Amino acid sequence: MPVWLREHSWRQTGSAVYLSLPVRGVRVTPANIFCTDQYLKVSIPPFLFEAILYAPIDETNSTAKIGNGIIFFTLCKKEEAMWDSLTIENDNKEKLQYLRENAVLKAHEKAKEETEAKKVTKQEHKKYALEATMKLEEAERKRIEDLKEKERQKVTKELELWKKKQEDAEKHKRVQEGGELHQDVEQLKERKKEKMNKTRILNERTSETRLKPTKGHGSYSMFSENLKEEQLPAPRSTATIKINFTSRVFPTALRESRVAEEEEWLHKQAEARRVINADLSDLEDLEEEEKNPDWLKDKGNKMFATGNYLAAVNAYNLAVRLNNKLPLLYLNRAACHLKLRNLHKAIEDSSKALELLTPPVPDNENARVKAYVRRGTAFCQLELYTEGLQDYEAALKIDPKNRTIEKDAEKIRHLIQGTPPDS
(Lines of atoms letter the chains of each structure in order from A; the text may use other names.)
(Lines give C-alpha, C1' and ligand atoms only; values in the text may rest on other atoms or scores of the structure.)
Protein backbone atom coordinates (compact mmCIF):
# COMPACT_ATOMS: atom_id res chain seq x y z
CA MET A 1 0.00 0.00 0.00
CA PRO A 2 1.38 3.52 -0.78
CA VAL A 3 2.50 5.93 1.93
CA TRP A 4 0.94 9.36 1.32
CA LEU A 5 3.21 12.41 1.63
CA ARG A 6 1.21 14.96 3.63
CA GLU A 7 3.97 17.38 4.59
CA HIS A 8 4.34 20.24 2.10
CA SER A 9 4.31 24.03 1.95
CA TRP A 10 3.16 26.47 -0.70
CA ARG A 11 2.87 30.14 -1.48
CA GLN A 12 1.52 32.05 -4.42
CA THR A 13 1.56 35.23 -6.45
CA GLY A 14 -0.94 36.46 -8.97
CA SER A 15 0.77 34.52 -11.78
CA ALA A 16 2.49 31.53 -10.13
CA VAL A 17 2.33 29.00 -7.30
CA TYR A 18 5.49 27.84 -5.48
CA LEU A 19 5.24 24.38 -3.88
CA SER A 20 7.92 22.70 -1.72
CA LEU A 21 7.66 18.94 -1.15
CA PRO A 22 10.25 17.32 1.21
CA VAL A 23 11.34 13.84 0.03
CA ARG A 24 14.36 13.13 2.21
CA GLY A 25 15.93 9.71 2.13
CA VAL A 26 14.75 8.73 -1.36
CA ARG A 27 16.17 9.20 -4.83
CA VAL A 28 13.99 11.31 -7.13
CA THR A 29 14.18 11.47 -10.94
CA PRO A 30 12.04 13.39 -13.46
CA ALA A 31 10.34 10.09 -14.29
CA ASN A 32 8.78 10.10 -10.80
CA ILE A 33 6.86 13.35 -11.53
CA PHE A 34 3.63 13.46 -13.54
CA CYS A 35 1.91 16.82 -14.17
CA THR A 36 -0.99 18.04 -16.34
CA ASP A 37 -2.91 21.31 -16.38
CA GLN A 38 -4.86 20.48 -13.16
CA TYR A 39 -3.27 17.31 -11.77
CA LEU A 40 0.09 16.80 -10.03
CA LYS A 41 1.49 13.46 -8.87
CA VAL A 42 4.85 12.45 -7.41
CA SER A 43 5.28 8.66 -7.20
CA ILE A 44 8.43 7.39 -5.43
CA PRO A 45 7.55 3.86 -4.26
CA PRO A 46 6.35 3.41 -1.60
CA PHE A 47 5.70 7.19 -1.21
CA LEU A 48 2.96 9.00 -3.13
CA PHE A 49 1.89 12.64 -3.37
CA GLU A 50 -1.21 13.59 -5.35
CA ALA A 51 -2.94 16.95 -5.81
CA ILE A 52 -5.97 18.07 -7.82
CA LEU A 53 -5.02 21.73 -8.31
CA TYR A 54 -7.44 24.52 -7.53
CA ALA A 55 -7.23 26.02 -11.04
CA PRO A 56 -5.55 25.13 -14.35
CA ILE A 57 -1.84 25.78 -14.84
CA ASP A 58 0.45 26.04 -17.85
CA GLU A 59 2.33 22.73 -17.56
CA THR A 60 4.62 23.64 -20.48
CA ASN A 61 6.20 26.62 -18.68
CA SER A 62 6.00 25.10 -15.19
CA THR A 63 9.22 23.69 -13.72
CA ALA A 64 10.40 21.33 -10.97
CA LYS A 65 13.81 21.46 -9.30
CA ILE A 66 15.16 18.51 -7.30
CA GLY A 67 17.87 18.95 -4.69
CA ASN A 68 18.74 18.66 -0.98
CA GLY A 69 15.86 16.24 -0.40
CA ILE A 70 13.24 18.75 -1.64
CA ILE A 71 11.23 19.04 -4.86
CA PHE A 72 10.50 22.72 -5.58
CA PHE A 73 7.69 23.30 -8.08
CA THR A 74 7.08 26.57 -9.92
CA LEU A 75 3.56 26.29 -11.36
CA CYS A 76 2.56 29.06 -13.81
CA LYS A 77 -1.11 29.96 -13.64
CA LYS A 78 -3.10 30.18 -16.87
CA GLU A 79 -5.14 33.09 -15.48
CA GLU A 80 -3.84 35.62 -12.99
CA ALA A 81 -5.83 35.18 -9.80
CA MET A 82 -5.30 34.31 -6.15
CA TRP A 83 -6.25 30.77 -5.16
CA ASP A 84 -8.22 30.04 -2.00
CA SER A 85 -6.31 26.79 -1.55
CA LEU A 86 -3.75 24.61 -3.33
CA THR A 87 -6.15 21.78 -4.10
CA ILE A 88 -9.87 21.37 -4.65
CA GLU A 89 -11.58 20.74 -1.34
CA ASN A 90 -14.08 18.03 -2.18
CA ASP A 91 -14.85 14.78 -0.44
CA ASN A 92 -16.59 13.32 -3.49
CA LYS A 93 -14.31 10.39 -4.39
CA GLU A 94 -16.07 9.78 -7.70
CA LYS A 95 -15.36 13.33 -8.84
CA LEU A 96 -11.74 13.10 -7.72
CA GLN A 97 -11.39 9.78 -9.57
CA TYR A 98 -12.92 11.37 -12.68
CA LEU A 99 -10.43 14.25 -12.48
CA ARG A 100 -7.54 11.80 -12.17
CA GLU A 101 -8.67 9.75 -15.14
CA ASN A 102 -9.31 12.90 -17.17
CA ALA A 103 -5.77 14.11 -16.43
CA VAL A 104 -4.29 10.77 -17.52
CA LEU A 105 -6.45 10.82 -20.67
CA LYS A 106 -5.19 14.30 -21.55
CA ALA A 107 -1.64 13.11 -21.04
CA HIS A 108 -2.30 10.21 -23.40
CA GLU A 109 -3.73 12.57 -26.03
CA LYS A 110 -0.77 14.93 -25.68
CA ALA A 111 1.68 12.04 -26.07
CA LYS A 112 -0.24 10.89 -29.16
CA GLU A 113 -0.10 14.39 -30.67
CA GLU A 114 3.64 14.59 -30.01
CA THR A 115 4.09 11.18 -31.67
CA GLU A 116 2.14 12.36 -34.72
CA ALA A 117 4.18 15.56 -34.88
CA LYS A 118 7.42 13.55 -34.72
CA LYS A 119 6.11 11.29 -37.48
CA VAL A 120 5.31 14.29 -39.72
CA THR A 121 8.72 15.82 -39.00
CA LYS A 122 10.42 12.52 -39.80
CA GLN A 123 8.58 12.29 -43.12
CA GLU A 124 9.54 15.86 -43.98
CA HIS A 125 13.18 15.11 -43.19
CA LYS A 126 13.04 12.01 -45.38
CA LYS A 127 11.50 14.05 -48.21
CA TYR A 128 14.18 16.74 -47.88
CA ALA A 129 16.93 14.13 -47.81
CA LEU A 130 15.48 12.48 -50.92
CA GLU A 131 15.33 15.79 -52.79
CA ALA A 132 18.90 16.63 -51.79
CA THR A 133 20.06 13.19 -52.92
CA MET A 134 18.29 13.60 -56.26
CA LYS A 135 19.97 16.98 -56.80
CA LEU A 136 23.37 15.51 -56.02
CA GLU A 137 22.75 12.59 -58.37
CA GLU A 138 21.62 14.97 -61.12
CA ALA A 139 24.76 17.08 -60.71
CA GLU A 140 26.93 13.96 -60.76
CA ARG A 141 25.15 12.64 -63.86
CA LYS A 142 25.68 15.96 -65.66
CA ARG A 143 29.36 15.98 -64.69
CA ILE A 144 29.80 12.44 -66.06
CA GLU A 145 28.02 13.36 -69.31
CA ASP A 146 30.32 16.37 -69.75
CA LEU A 147 33.37 14.18 -69.25
CA LYS A 148 32.02 11.69 -71.79
CA GLU A 149 31.43 14.46 -74.33
CA LYS A 150 34.98 15.78 -73.88
CA GLU A 151 36.43 12.29 -74.30
CA ARG A 152 34.29 11.71 -77.40
CA GLN A 153 35.52 14.93 -79.00
CA LYS A 154 39.11 14.05 -78.16
CA VAL A 155 38.81 10.54 -79.63
CA THR A 156 37.10 11.95 -82.77
CA LYS A 157 40.00 14.34 -83.38
CA GLU A 158 42.54 11.55 -82.88
CA LEU A 159 40.62 9.30 -85.30
CA GLU A 160 40.50 11.98 -88.01
CA LEU A 161 44.24 12.57 -87.63
CA TRP A 162 44.94 8.84 -87.92
CA LYS A 163 42.74 8.59 -91.08
CA LYS A 164 44.65 11.46 -92.65
CA LYS A 165 47.98 9.74 -91.93
CA GLN A 166 46.67 6.50 -93.44
CA GLU A 167 45.56 8.26 -96.61
CA ASP A 168 48.99 9.89 -97.00
CA ALA A 169 50.68 6.51 -96.53
CA GLU A 170 48.42 4.91 -99.17
CA LYS A 171 49.26 7.62 -101.69
CA HIS A 172 52.99 7.17 -101.09
CA LYS A 173 52.63 3.39 -101.43
CA ARG A 174 50.79 3.66 -104.75
CA VAL A 175 53.58 5.88 -106.16
CA GLN A 176 56.19 3.25 -105.22
CA GLU A 177 54.13 0.36 -106.60
CA GLY A 178 53.83 2.13 -109.98
CA GLY A 179 57.63 1.79 -110.53
CA GLU A 180 57.79 -1.83 -109.44
CA LEU A 181 54.77 -3.01 -111.43
CA HIS A 182 56.75 -3.80 -114.65
CA GLN A 183 59.31 -5.88 -112.74
CA ASP A 184 56.59 -7.85 -111.03
CA VAL A 185 54.93 -8.74 -114.33
CA GLU A 186 58.16 -10.27 -115.66
CA GLN A 187 58.67 -12.30 -112.50
CA LEU A 188 55.09 -13.57 -112.70
CA LYS A 189 55.60 -14.79 -116.28
CA GLU A 190 58.74 -16.72 -115.29
CA ARG A 191 56.94 -18.40 -112.35
CA LYS A 192 54.05 -19.41 -114.60
CA LYS A 193 56.43 -20.95 -117.11
CA GLU A 194 58.23 -22.96 -114.40
CA LYS A 195 54.91 -24.24 -113.06
CA MET A 196 53.83 -25.44 -116.50
CA ASN A 197 57.12 -27.37 -116.95
CA LYS A 198 56.67 -29.09 -113.54
CA THR A 199 53.11 -30.11 -114.45
CA ARG A 200 54.18 -31.63 -117.76
CA ILE A 201 56.94 -33.72 -116.11
CA LEU A 202 54.51 -34.96 -113.43
CA ASN A 203 51.96 -36.08 -116.07
CA GLU A 204 54.62 -38.06 -117.95
CA ARG A 205 55.63 -39.94 -114.78
CA THR A 206 52.00 -40.75 -114.00
CA SER A 207 51.45 -42.28 -117.45
CA GLU A 208 54.50 -44.55 -117.04
CA THR A 209 53.29 -45.77 -113.64
CA ARG A 210 49.84 -46.82 -114.96
CA LEU A 211 51.46 -49.02 -117.65
CA LYS A 212 53.24 -51.20 -114.99
CA PRO A 213 51.28 -54.40 -113.93
CA THR A 214 50.26 -54.74 -110.21
CA LYS A 215 51.92 -57.46 -108.13
CA GLY A 216 49.93 -59.51 -105.58
CA HIS A 217 46.23 -60.04 -105.00
CA GLY A 218 45.67 -57.10 -102.68
CA SER A 219 48.16 -54.60 -104.11
CA TYR A 220 47.04 -51.34 -105.67
CA SER A 221 48.54 -48.21 -107.10
CA MET A 222 48.48 -44.99 -105.10
CA PHE A 223 47.30 -43.28 -108.33
CA SER A 224 44.59 -45.88 -108.99
CA GLU A 225 41.28 -44.55 -110.25
CA ASN A 226 39.45 -46.82 -107.73
CA LEU A 227 41.08 -45.08 -104.74
CA LYS A 228 38.29 -43.60 -102.65
CA GLU A 229 38.64 -40.56 -100.53
CA GLU A 230 38.73 -41.28 -96.77
CA GLN A 231 35.33 -40.79 -95.14
CA LEU A 232 35.45 -38.62 -91.94
CA PRO A 233 32.65 -38.78 -89.28
CA ALA A 234 30.25 -35.87 -89.04
CA PRO A 235 30.82 -33.44 -86.11
CA ARG A 236 28.81 -33.99 -82.96
CA SER A 237 25.57 -32.06 -82.58
CA THR A 238 25.31 -29.56 -79.71
CA ALA A 239 22.85 -30.09 -76.84
CA THR A 240 21.93 -28.65 -73.44
CA ILE A 241 21.94 -30.79 -70.30
CA LYS A 242 19.52 -29.50 -67.66
CA ILE A 243 20.47 -30.12 -64.01
CA ASN A 244 17.82 -29.77 -61.33
CA PHE A 245 18.71 -29.13 -57.68
CA THR A 246 16.38 -29.75 -54.76
CA SER A 247 14.93 -26.43 -53.56
CA ARG A 248 15.56 -26.06 -49.84
CA VAL A 249 14.46 -23.40 -47.34
CA PHE A 250 16.36 -24.97 -44.44
CA PRO A 251 20.17 -25.26 -44.35
CA THR A 252 20.19 -29.02 -43.77
CA ALA A 253 20.35 -31.52 -46.62
CA LEU A 254 17.11 -33.12 -47.78
CA ARG A 255 18.24 -36.59 -46.65
CA GLU A 256 18.74 -35.26 -43.07
CA SER A 257 15.42 -33.41 -42.73
CA ARG A 258 11.83 -34.27 -41.94
CA VAL A 259 9.86 -32.83 -44.82
CA ALA A 260 6.39 -33.10 -43.26
CA GLU A 261 7.33 -31.15 -40.12
CA GLU A 262 9.20 -28.50 -42.13
CA GLU A 263 6.26 -28.00 -44.50
CA GLU A 264 3.91 -27.60 -41.52
CA TRP A 265 6.25 -25.03 -39.93
CA LEU A 266 6.52 -23.05 -43.18
CA HIS A 267 2.74 -23.07 -43.58
CA LYS A 268 2.24 -21.73 -40.05
CA GLN A 269 4.84 -19.00 -40.60
CA ALA A 270 3.19 -17.91 -43.86
CA GLU A 271 -0.25 -17.87 -42.21
CA ALA A 272 1.07 -15.81 -39.29
CA ARG A 273 2.65 -13.27 -41.67
CA ARG A 274 -0.56 -13.08 -43.66
CA VAL A 275 -2.62 -12.38 -40.52
CA ILE A 276 -0.16 -9.73 -39.31
CA ASN A 277 -0.12 -7.98 -42.69
CA ALA A 278 -3.93 -8.07 -42.85
CA ASP A 279 -4.50 -6.77 -39.31
CA LEU A 280 -1.75 -4.12 -39.36
CA SER A 281 -2.28 -2.49 -42.74
CA ASP A 282 -2.39 0.87 -40.93
CA LEU A 283 1.09 0.29 -39.43
CA GLU A 284 3.10 0.11 -42.66
CA ASP A 285 5.52 2.78 -41.44
CA LEU A 286 6.85 0.55 -38.64
CA GLU A 287 10.35 -0.85 -38.83
CA GLU A 288 10.74 -4.62 -39.12
CA GLU A 289 11.88 -4.99 -35.49
CA GLU A 290 8.89 -2.92 -34.30
CA LYS A 291 6.59 -5.65 -35.66
CA ASN A 292 8.07 -8.19 -33.24
CA PRO A 293 5.93 -8.62 -30.03
CA ASP A 294 8.93 -9.85 -28.01
CA TRP A 295 10.99 -6.77 -29.00
CA LEU A 296 8.06 -4.50 -28.02
CA LYS A 297 7.70 -6.34 -24.68
CA ASP A 298 11.38 -5.76 -23.87
CA LYS A 299 11.00 -2.10 -24.91
CA GLY A 300 8.00 -1.72 -22.59
CA ASN A 301 9.93 -3.32 -19.72
CA LYS A 302 12.77 -0.79 -20.17
CA MET A 303 10.30 2.12 -20.22
CA PHE A 304 8.63 0.77 -17.06
CA ALA A 305 12.01 0.49 -15.32
CA THR A 306 12.70 4.17 -16.04
CA GLY A 307 9.27 5.25 -14.79
CA ASN A 308 7.90 6.19 -18.24
CA TYR A 309 4.64 4.29 -17.76
CA LEU A 310 2.73 5.94 -20.62
CA ALA A 311 5.39 4.89 -23.14
CA ALA A 312 5.42 1.39 -21.66
CA VAL A 313 1.62 1.14 -22.07
CA ASN A 314 1.92 2.21 -25.73
CA ALA A 315 4.56 -0.47 -26.36
CA TYR A 316 2.42 -3.17 -24.72
CA ASN A 317 -0.67 -2.01 -26.65
CA LEU A 318 1.09 -2.48 -30.00
CA ALA A 319 2.52 -5.84 -28.90
CA VAL A 320 -1.02 -7.04 -27.96
CA ARG A 321 -2.25 -6.02 -31.42
CA LEU A 322 0.49 -8.12 -32.95
CA ASN A 323 -0.05 -11.14 -30.65
CA ASN A 324 -2.96 -11.23 -28.20
CA LYS A 325 -2.05 -14.67 -26.83
CA LEU A 326 0.94 -13.69 -24.67
CA PRO A 327 -0.13 -13.46 -21.00
CA LEU A 328 3.00 -11.52 -19.97
CA LEU A 329 1.92 -8.57 -22.15
CA TYR A 330 -1.35 -8.19 -20.20
CA LEU A 331 0.43 -8.81 -16.88
CA ASN A 332 3.04 -6.09 -17.51
CA ARG A 333 0.44 -3.66 -18.82
CA ALA A 334 -1.60 -4.21 -15.64
CA ALA A 335 1.45 -3.10 -13.61
CA CYS A 336 1.65 0.10 -15.68
CA HIS A 337 -2.06 0.82 -15.16
CA LEU A 338 -1.57 0.39 -11.40
CA LYS A 339 1.18 3.02 -11.50
CA LEU A 340 -1.06 5.35 -13.54
CA ARG A 341 -4.08 4.69 -11.25
CA ASN A 342 -6.08 3.18 -14.13
CA LEU A 343 -7.51 0.64 -11.71
CA HIS A 344 -10.33 -0.77 -13.85
CA LYS A 345 -7.93 -1.38 -16.73
CA ALA A 346 -5.47 -3.04 -14.33
CA ILE A 347 -8.25 -5.44 -13.22
CA GLU A 348 -9.19 -6.17 -16.83
CA ASP A 349 -5.59 -6.93 -17.90
CA SER A 350 -4.92 -9.09 -14.82
CA SER A 351 -8.06 -11.13 -15.51
CA LYS A 352 -7.06 -11.59 -19.17
CA ALA A 353 -3.60 -12.77 -18.09
CA LEU A 354 -5.18 -15.35 -15.73
CA GLU A 355 -7.36 -16.61 -18.59
CA LEU A 356 -4.30 -17.19 -20.76
CA LEU A 357 -2.27 -18.79 -17.93
CA THR A 358 -4.19 -22.04 -18.22
CA PRO A 359 -3.79 -24.83 -17.42
CA PRO A 360 -2.10 -24.02 -14.08
CA VAL A 361 1.35 -25.67 -14.13
CA PRO A 362 4.51 -25.12 -12.07
CA ASP A 363 6.12 -23.11 -14.90
CA ASN A 364 3.48 -20.34 -14.71
CA GLU A 365 3.09 -20.20 -10.91
CA ASN A 366 5.07 -16.96 -10.58
CA ALA A 367 3.01 -15.23 -13.31
CA ARG A 368 -0.29 -16.34 -11.73
CA VAL A 369 0.79 -15.04 -8.31
CA LYS A 370 1.62 -11.62 -9.85
CA ALA A 371 -1.73 -11.52 -11.68
CA TYR A 372 -3.72 -12.26 -8.49
CA VAL A 373 -1.72 -9.73 -6.44
CA ARG A 374 -2.06 -6.93 -9.01
CA ARG A 375 -5.78 -7.51 -9.42
CA GLY A 376 -6.22 -7.70 -5.65
CA THR A 377 -4.26 -4.43 -5.23
CA ALA A 378 -6.51 -2.71 -7.78
CA PHE A 379 -9.65 -3.98 -5.96
CA CYS A 380 -8.34 -2.70 -2.65
CA GLN A 381 -7.53 0.74 -4.09
CA LEU A 382 -11.12 0.84 -5.33
CA GLU A 383 -12.12 -0.06 -1.72
CA LEU A 384 -13.49 -3.44 -2.86
CA TYR A 385 -11.69 -5.23 -0.04
CA THR A 386 -13.65 -8.49 -0.20
CA GLU A 387 -12.71 -9.11 -3.84
CA GLY A 388 -9.14 -8.03 -3.12
CA LEU A 389 -8.85 -10.48 -0.20
CA GLN A 390 -10.05 -13.31 -2.44
CA ASP A 391 -7.26 -12.62 -4.94
CA TYR A 392 -4.61 -12.39 -2.19
CA GLU A 393 -5.79 -15.70 -0.72
CA ALA A 394 -5.64 -17.29 -4.20
CA ALA A 395 -2.05 -16.05 -4.51
CA LEU A 396 -1.21 -17.52 -1.07
CA LYS A 397 -2.54 -20.93 -2.16
CA ILE A 398 -0.05 -20.91 -5.01
CA ASP A 399 2.86 -19.49 -2.95
CA PRO A 400 2.10 -20.13 0.77
CA LYS A 401 5.65 -19.16 1.87
CA ASN A 402 5.42 -15.58 0.58
CA ARG A 403 5.38 -13.49 3.79
CA THR A 404 4.77 -10.18 1.99
CA ILE A 405 1.51 -11.41 0.46
CA GLU A 406 0.50 -12.94 3.80
CA LYS A 407 1.03 -9.61 5.63
CA ASP A 408 -0.95 -7.66 3.02
CA ALA A 409 -3.79 -10.19 3.21
CA GLU A 410 -3.85 -9.82 7.01
CA LYS A 411 -4.11 -6.01 6.68
CA ILE A 412 -7.05 -6.40 4.29
CA ARG A 413 -8.82 -8.73 6.77
CA HIS A 414 -8.48 -6.12 9.52
CA LEU A 415 -9.84 -3.44 7.14
CA ILE A 416 -12.89 -5.61 6.42
CA GLN A 417 -13.45 -6.37 10.11
CA GLY A 418 -12.81 -2.76 11.14
CA THR A 419 -10.09 -3.70 13.63
CA PRO A 420 -6.56 -2.24 13.82
CA PRO A 421 -3.77 -4.53 12.48
CA ASP A 422 -1.40 -6.20 14.89
CA SER A 423 1.73 -4.19 15.67
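Just so it is clear, glycine is given a Cβ too, placed from its N, Cα and C backbone atoms.
Here TrEMBL flags 105-205 as coiled coil.
As a summary of secondary structure, the domain 'CS' (3-87) carries 3 helix, 44 strand, 38 coil according to DSSP. Look at TrEMBL and you will find 3-87 tagged as domain 'CS'.
Long-range contacts of the repeat 'TPR' (369-402) within the same chain, counting only residues at least 6 positions beyond its ends with a Cβ under 8 Å from a Cβ of the stretch, are 1, 327, 331, 334-335, 337-338, 341, 343-344, 346-347, 350-351, 353-354, 357, 360, 408-409, 412-413, 415-416. Per TrEMBL, repeat 'TPR' is recorded for 369-402.
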Three-state composition of the repeat 'TPR' (369-402), taking helix and strand from DSSP: 27 helix, 0 strand, 7 coil
